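Inspection log for the structure reproduced underneath, given as structure tokens.
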Amino acid sequence: MIKEYIRKITEGKDLSADEMKDLFNILMEGQATDAQIGAVLIGLKMKGESVEEISSAAQIMREKAVKVPVKDRSRLIDTCGTGGDKVDTFNVSTITAFVIAGAGVKVAKHGNRSVSSKCGSADIMEALGVKIDLSPEQAAEAIDRIGLGFLFAPVYHPAMKNVIRQRREIGVRTIFNILGPLSNPAGAKYQLLGVYDKDLVEPVARVLSLLGIERAYVVHGMEGLDEVSITTDTMVAEVDGGDISVYSVKPEDFGIERASLDDIRGGDLDFNLQIALDILEGKDRSRKTDFVSLNAGFAFHAVGVVDSVKEGIELAKETIYSKKAYEILEKLREYSKGG
């Protein structure tokens, strides 16, 4: 059957929901050859994944995921993005997770090691001294007690082992970059989700709505960022239950002066680690902290703890400079030692 799906995809035809679910069951259960996996991933990429295809694949990912037994999901958010931006920024969404948690919002930070960037969220978490491969029960306890738990994708998506090597060998972004943020194992109902392509903003928002998200922002910085940008305009899709509104924002809308790309560039793991520590310790007074605060502002507004993004930015800066974000890191490090 997989050959029939490959033929259809390579002819530029969309798969139905049932076909896509069947195809992803085949991939996730290790029933496809390397050549077939490569053909499916590149074929879908060349064709362009439909909303129905993405949501069907995400449903299979969610079904097969190991669940995280968080006690209170009422205001649980994830800041996992697709990765693969074109600018090589530092780990904005990971630092943002600490800031959000520092203000008392519970975060289930889903992430992985780098696949298409220099330094993934799992890489930076590990460098910060956080144990990344906690059991589902330990991660749930970290979320409930500390306010932040890291959900290392391979622990929660064991079926992904059947495609991870092929993804790395292909070396380009595929549907799996999109599916990761759509498959939070803790069932977070709020999201700040950055995507690497402006053409994904509205489709991913529609997928989130289909998957039952309560409120989310799907964002793409127009210079190629999977974050809210402080250097140029950002395309935004705001998801509020079944309602979706798409619009553009610029840094000046929030009282933030535009930065240059050099102001927000990251580097290798050591370089990004130092940036993360400087921001979390409240030592950084550069545009990097503005960048994190802007993204945290959107996250705070998504979850409903502030009335506006601008108010969220102020809350983010207050959380950073009062060392509350760093306190979350210290608690997570301590918890990691006992975990």
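Using the three backbone atoms N, Cα and C, a Cβ is placed for every residue, glycine included.
Straight from Swiss-Prot, the features:
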type	residues	note
BINDING	Gly81, 84-85, Thr89, 91-94, 109-117, Ser121	5-phospho-alpha-D-ribose 1-diphosphate binding site
BINDING	Gly81, Asn112	anthranilate 1 binding site
BINDING	Ser93, Glu227	Mg(2+) 1 binding site
BINDING	Arg167	anthranilate 2 binding site
BINDING	Asp226, Glu227	Mg(2+) 2 binding site
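Where Swiss-Prot records a feature, it is marked here on the structure.
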{"residue": "Gly81", "record": "5-phospho-alpha-D-ribose 1-diphosphate binding site", "DSSP class": "coil"}
{"residue": "Thr89", "record": "5-phospho-alpha-D-ribose 1-diphosphate binding site", "DSSP class": "strand"}
{"residue": "His110", "record": "5-phospho-alpha-D-ribose 1-diphosphate binding site", "DSSP class": "strand"}
{"residue": "Arg167", "record": "anthranilate 2 binding site", "DSSP class": "helix"}
{"residue": "Asp226", "record": "Mg(2+) 2 binding site", "DSSP class": "coil"}
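The Cβ of Gly81 (5-phospho-alpha-D-ribose 1-diphosphate binding site) lies under 8 Å from the Cβ of Ser93, Pro181, Leu193, Gly194, Val195, Asp226, Glu227, each of these being in the same chain and 6 or more residues away along the sequence.
When the binding-site residues Thr89, Ser93, Asn112 are compared by the number of other C-beta atoms lying within 10 angstroms of their own C-beta, Asn112 comes out lowest. Cα spacing between His110 (5-phospho-alpha-D-ribose 1-diphosphate binding site) and Arg167 (anthranilate 2 binding site): 19 Å, rounded to the nearest whole number. Summary for the binding-site residues His110, Arg113, Arg167: the Cβ-based neighbour count within 10 Å is maximal at His110. Thr89 (5-phospho-alpha-D-ribose 1-diphosphate binding site) is 17 Å away from Asn112 (anthranilate 1 binding site) when you measure Cα to Cα.
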